[in-house]
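Per TrEMBL, the features are:
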type: COMPBIAS; residues: 34-51; note: compositional bias 'Polar residues'
type: COMPBIAS; residues: 52-64; note: compositional bias 'Basic and acidic residues'
type: DOMAIN; residues: 98-525; note: domain 'Major facilitator superfamily (MFS) profile'
type: REGION; residues: 1-64; note: region 'Disordered'
type: TRANSMEM; residues: 98-119; note: transmembrane segment
type: TRANSMEM; residues: 134-153; note: transmembrane segment
type: TRANSMEM; residues: 165-184; note: transmembrane segment
type: TRANSMEM; residues: 190-211; note: transmembrane segment
type: TRANSMEM; residues: 223-241; note: transmembrane segment
type: TRANSMEM; residues: 253-272; note: transmembrane segment
type: TRANSMEM; residues: 322-347; note: transmembrane segment
type: TRANSMEM; residues: 367-386; note: transmembrane segment
type: TRANSMEM; residues: 406-425; note: transmembrane segment
type: TRANSMEM; residues: 437-459; note: transmembrane segment
type: TRANSMEM; residues: 499-519; note: transmembrane segment
Amino acid sequence: MAASTMAPEDSKVEKGPLNTEKVIEKQPNDAVITESNYSTQESGVIGSQSIKDVEKQRRGHATDVGDHAVCDEERIDWDEPDDPEKPMNWPTGKKARNIIIICYVTFLTPLGSTMFAPAVEDVMEAYRSTNPELASFVVSVFILGYFFGPLFLGPLSELYGRLPVYLTCNVLFTIFNIACAVSNNLGSLIVFRFLAGTFGGCPITLGAGSFGDMIQIDQRGKIIAIWALGPLMGPVIGPVAGGYMGEHLNWRWIFWVLAIAAGVGAVAAFIFQDETYPPIILQRKVKRLQEETGNPNLCSILDTDRRASHVFAYAIIRPIHLFFFSPIVMLFSLYQGVIYGYLYLLFTTFPLVFGNQYHFSQGTVGLAYLGIGAGSIVGLGVAGYASDKIVRRMAKDGGMKPEYRLPPLIPACFLIPTGLFWYGWSAHAHDHWIVPILGTVLIGMGLNVLFMCVATYLIDAYPYYEASATAASTAVRSLIGALLPLAGRRMYATLGLGWGNSLLGFMALAMCPLPWIFFKYGERIRTNPKFQIKW
């Protein structure tokens, strides 16, 4: 297929063999932009367009580095709209195996964040520490690694492709879990947990972008919903398994099991996972055609004029720029961060609440986490089904808008404060243990809908900068998720379970207008010149 952009007026285009275009008399570094595509290319956002138009633009500017093709020679593009090398056109089986592997590691790494939470008292006893903040930090430091990982994993994926980053991080995640298992002091355990989290955050950082490479926009909601279960169900199932392992085996076995499971994922990725990043796939195609034709002047339509160091620097800076200058990215990142912090605050205090107050054993205390898990599954079914259906219905009338991803979140966001009030006051009143757990079911439902809707909204709203928007969201979410739990035990000791959880509930309630505000005014904010991304 011919390139989706056209040469400037002072240039002429000659068709060449191998589906190439040759630009003649083109000035160096001229952006190949027409009047019709200027606003979209410049801003990196989309307004009201058809789903096919959105996908066409996204594939025509697939790289997230904000540059335009500048090669003055023959440029290689996809052969045709249904080019089998294009990830969007892969067979269902090929897409499925990549989706399964990404979802597996996305589930596994958050599993490691909380799997030994029920055994943390054993860890503190083994290392002779009674510091309550340190007890929480040894769990949440894993999430602190999620903050640092996106800062360089996303840019590396833009330089070298998603697959090498996945493969490297899978191996390093395995190695650092082994290091945790053999650590001989609390300091080394904390350091290795941090490094495991740093590289374990790879599928959370890159997963949404990988699905954006492969999945059509009107089918993306259900896949993102399944993928979003990983960061929610992993931390839920982890304490259930870790509690029984810590009770019947030893806390070190928790890390050995994680290392084995991670090793299986690493091997599967080496064998079955494929590169999905379009610029890298086209680069490989160029190299192949250069060898076949002996023409060194061929280059990819997505090649840029920036050196790798510049691309890396811009990719690191752009998430920070998006966070501080895009109200959408900033407010939704903070919203997700606070709620994610609640999740880990609950995870680090469940052993205290259900162990001390309801006298659960170390093994059975893990079952308290299943309420959030059950709610997440229900949220998956509702949000995943509703999201794509709403998008298709609303897009028929006025074209596709990213804001059509938000309607399921408008009512669902109220489930989180409701669940916090329910959980806190029922536990305060010493009601039967099932009553506070039912409150956490509502929290889990709201969490899954929030994560799925925000993830798909950012992908659709910033189709050229999805990796940067996701990195900003993941980093902020992880930083708050790592630090907020440190206050959990002292908050409950000061305010009690009732008012402590009510404080969290009121904060969550104050953020509930955000989905409606962005559904109503999101397009106006995105297209405002003050909030445009120009590099």
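The backbone N, Cα and C atoms fix where each Cβ goes, and this holds for glycine too.
Keep in mind the model is a prediction, meaning the values are calculated, not measured.
Contact between the transmembrane segment (165-184) and the transmembrane segment (98-119) is supported by 3 or more Cβ pairs under 8 Å, counting only residues 6 or more apart in sequence. The stretch with the most CB contacts under 8 Å to the transmembrane segment (367-386), chosen from 223-241, 253-272, 322-347, 406-425, 499-519, is 223-241.
Across the residues of the domain 'Major facilitator superfamily (MFS) profile' (98-525), the predicted structure has a mean pLDDT of 84.
The transmembrane segment (499-519) makes contact with the transmembrane segment (406-425): 3 or more of their CB pairs lie within 8 A, with pairs spaced 6 or more apart in sequence. A contact links the transmembrane segment (437-459) to the transmembrane segment (190-211), because at least 3 Cβ pairs that are 6 or more residues apart lie under 8 A.
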